[in-house]
Amino acid sequence: MSPARDDGRSDDSRGDHRRGDDRQGGAGGGNQRGGGGRRNAQGRQRPERVHGGQQRSAQRPSERGRTSDPQRLAAYTVLRAVAAGAYANLELPRELRDKQIRGRDAAFTTELVYGAIRMHGLYDPVIAVAAGRPVSKIDANVLDTLRLGAHQLLGMRVPTHAAVDETVALARKVNGAGAAGFVNAVMRRISERDLDEWLSEVVPVDGDLVARLSVEQSHPDWVVRALRAALLGHGAATPETVDAQLTALVTADNAAAKVSLVARPGLASVEELVESGAEASPLSPVGAVLPGGDPGAVTAVREGRAAVQDEGSQLLALALAAVPVVADGPEQWLDLCAGPGGKAGLLAALALQAGADLTANEVSEHRTELVRQTLRPALLQAGHLGRSIEVRTGDGRTVGEDEPGRYQRVLVDAPCTGLGALRRRPEARWRRTPADLADLGALQRELLASAIEATAPGGVIAYATCSPHLAETQFVVRDVTKKRGDVELLDARPFLLDASGEPLPVPGTGPTVQLWPHLHGTDGMFLALLRKS
Ligand SMILES: C[S@@+](CC[C@H](N)C(=O)[O-])C[C@H]1O[C@@H](n2cnc3c(N)ncnc32)[C@H](O)[C@@H]1O
């Protein structure tokens with residue numbers, strides 16, 4: 001959990017977000033805990049208590065302001081869309097744009113959405129105690145309103161009376177007058193205790209660490225277990241250190257991800273991004289970090305010469321480009337699963353610099369179109385340079401058969417559970433189930449096998465996932481390579497170089513690399529490099 005910050009002003013009925021900083025820029029999301037008022041014995045901020053009729057929260061719901069503010073209404077709308085299957089990282093920017101919510105109001109809305117979705121594994125038990133009934137007996141619409149309210153009380157710096165009043169006003173608008181009374185009662189009950197008191201109430205004391213973290217850090221039990229196994233399996237923890245590492249990892253999953261930018265080589269430079277207000281990344285030679293504001297305001301990003309991209313993803317694409325290969329004539333590069341085009345954007349720029357051609361393949365037509373948009377500046381440049389960049393729709397599983405031995409460098413950025421990118425995809429942890437692993441595992445194996453077939457002798461394959469789950473990473477590589485004698489695992493570690501050109505420190509003994517949010521500040525990307533013999 002992120003530390004509380006104390007700049008709330010309790011007379012602000014809309015909450016204190018107008019004075020908060022704007023680091024999310026409407027693109028990320030975080031989990032700032034705290035309250036507008038006092039601190040408890042541990043130094044944590046305590047929410048302000050509601051005192052009788054002096055506070056507006058004590059008024060009857062029908063007596064209070066009837067309008068809900070646009071930020072909370074937008075957050076609620078996004079939560080409902082996510083409940084219906086949408087992705088918060090796509091739905092939220094659309095809603096912010098539609099409702100013209102900008103700057104700090106956008107940051108506040110983002111925090112509400114991301115926090116309420118991420119943390120409902122903790123908030124739901126709190127709501128259940130406060131409501132005196134299981135959340136399964138609360139209407140899903142009303143539950144979303146309460147999750148937003150709980151996050152304001154327990155996870156943000158919103159003063160208690162503002163959190164209660166505005167949540168009740170929201171309930172009246174979207175859930176109806178009857179529900180508003182219920183929401184008022186539950187919110188008041190929640191506001192009677194601070195976060196630590198609620199943690200002592202709802203976190204199982206007798207359970208093992210996995211059970212405790214599952215509630216305290218709001219992750220499904222199976223995810224915490226899988227992350228524990230992954231830390232051990234990738235050599236990032238020993239049995240002695242795994243509890244501390246696991247706690248740090250799931251805590252990092254609940255913090256806002258930085259807004260990292262990539263300067264696509266030959267199209268933009270890190271210096272240009274720095275001149276636009278970003279800071280050069282220590283992690284990636286082509287990376288920069290935007291300390292605040294909207295990435296869309298950066299000219300190079302607007303023009304598609306730079307983009308928002310996690311530094312871990314940048315390092316993977318750079319690693320694939322850095323492995324020496326021998327080719328007669330221009331190298332042929334393939335991105336087998338390219339949509340929506342983040343890594344293809346960087347690979348295309350690198351390919352053009354290396355005098356190589358790139359094929360970006362994607363199974364979904366819609367996502368192929370996104371790749372095409374992402375690659376537009378590179379496509380233009382390829383035209384000027386007389387090089388070829390092809391963007392196409394196709395099933396990656398048949399590419400090996402259709403184009404055997406055609407490519408010198410192949411990226412398989414496989415569809416996966418995304419358990420390494422939980423900071424950026426708040427709903428992913430709740431949507432994924434262990435059953436997904438079986439389907440994805442079969443697809444990942446077929447895609448990797450196809451990629452190996454499509455690779456020329458001496459060529460290199462990068463198998464990547466944004467998940468550290470062993471079933472999607474080590475086990476896939478092991479199963480596919482053990483069946484064939486024409487591929488060897490390379491040590492990937494020397495190819496992951498930081499901004500100063502030094503190998504990035506990674507735990508474990510190789511030859512594969514696993515990056516970690518709590519250790520590297522990147523998404524939990526996995527990389528295996530294989531050489532076709
Ligand atoms: C992890 S994403 C790739 C992310 C991408 N490399 C980037 O950096 O933006 C995996 C992609 O694989 C695509 N995919 C799924 N099955 C596929 C298949 N059989 N063939 C090709 N692509 C597939 C998905 O549609 C998804 O766009």
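Cβ atoms here come from the backbone N, Cα and C positions, even for glycine.
Features reported for this protein in TrEMBL:
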REGION    1-70  region 'Disordered'
COMPBIAS  1-24  compositional bias 'Basic and acidic residues'
COMPBIAS  25-38  compositional bias 'Gly residues'
DOMAIN    232-533  domain 'SAM-dependent MTase RsmB/NOP-type'
BINDING   CYS337, ALA338, GLY339, PRO340, GLY341, GLY342, LYS343, GLU362, ASP395, ASP413  S-adenosyl-L-methionine binding site
ACT_SITE  CYS466  active site, nucleophile
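Cα of GLY339 (S-adenosyl-L-methionine binding site) to Cα of CYS466 (active site, nucleophile): a span of 14 Å.
CYS466 (active site, nucleophile) has its Cα within 10 Å of the Cα of none of the binding-site residues CYS337, GLY341, LYS343, ASP395.
Mean predicted confidence for the domain 'SAM-dependent MTase RsmB/NOP-type' (232-533): the pLDDT average there is 97. Summary for the recorded positions CYS337, CYS466: the Cβ-based neighbour count within 10 Å is maximal at CYS466. Counted within 10 Å of its Cβ, the other Cβ atoms near LYS343 (S-adenosyl-L-methionine binding site) come to 24, all protein chains included. The Cβ neighbour count for ASP395 (S-adenosyl-L-methionine binding site), using a 10 Å radius over every protein chain in view, is 14. With CYS337, ALA338, GLY339, PRO340, GLY341, GLY342, LYS343, GLU362, ASP395, ASP413 listed as the residues that bind S-adenosyl-L-methionine, the site has a largest C-alpha separation of 19 Å.
Taking a C-beta cut-off of under 8 Å and a sequence gap of six or more, GLY341 (S-adenosyl-L-methionine binding site) has these contacts in its own chain: ALA360, ARG367, LEU370, VAL371, ARG372, GLN373, THR374, LEU375.
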